[in-house]
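See below for the structure under consideration.
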């Protein structure tokens, strides 16, 4: 019962913290152009008090824990068993093997729910809307089947893309060269951490057939991108939810039950990038069942196979690859989080970290690429941020709209990027 109450406390704290974040200017985590932002300092104290209270509650109420390495080893064993259950395609065995995760690591329930909720708002909501809109339409038939060859091909292509970003070239600089032993560790463990998700979904759904035309129409229609970009303008945006859930996921005890699986190795390579972001495999539980549900019930491909999500996966591999400092402009924001785990909880927008003092070194001036972020404590209950952008700053949370949407909303005077 202590873990049940602990998970309830975790979820309540997330909601309380999010209500506090709602009071802040949305431009803190959505802005993409030069500006000045004035933020009240009081919400910062309220947020920190909620986080401290949760940490104290969990530390005081949680029974003595086994060593973190033992917990992770048990979670990996459970994951392997779950993959075997997926291969059997026995639904009862699949669910029971999955539920074992919460026996091994009870706090992974709350964190998985938060992580999957974050993914749902950003990636799955638009996908679900598209599926419901296209469901009654008579699309041309061009079906492909999920089988062993498809799964093997998908994993091989993904592996080759990882190799490209890890060893050949990144978007803005050269990838850092690590010793061979460390590179092999990231290849082996990173693949287990990030790709067993795909194995669970596609092994269980073997034999399902999907219409390739659905993926093509989805790419051209861009309805999912439109829904996502509307969400990104709100307090339900990726960066806002990510900071909140990510920070709570790093609290002691809770961290060892879920997100530590993403940080087992120090520093980061492209192989450590999840399909959408960066998380430990115990955080995917509810997302796995969403993917299976849309495949089995609606008969459509999961979000990870859609055009814009494939683009995002490539962007995310670059975002998780440590670069050589020579020739790289500014900080390596998320990469540095893999060196200093108690800092840099955001992903693309650093101002929440700067506001709460969780940016690495508590910096008041941060440069990401050619964009500069500056913070000044005003002394009158306000915190001033100044953002200097050369062109537009892309934090990766906006999706590219198709040409017809860009043209239409431009004519209407309401650009949605």
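Cβ from N, Cα, C; glycine included.
Because TrEMBL annotations are produced automatically, they should be read as predictions rather than curated entries.
Segment annotation: TrEMBL labels transmembrane segment over residues 81-103 (candidates 58-80, 81-103, 173-195). Per DSSP, the secondary structure of the domain 'Fatty acid hydroxylase' (236-358) breaks down as 70 helix, 2 strand, 51 coil. Confidence for the domain 'Fatty acid hydroxylase' (236-358), expressed as mean pLDDT, is 92.
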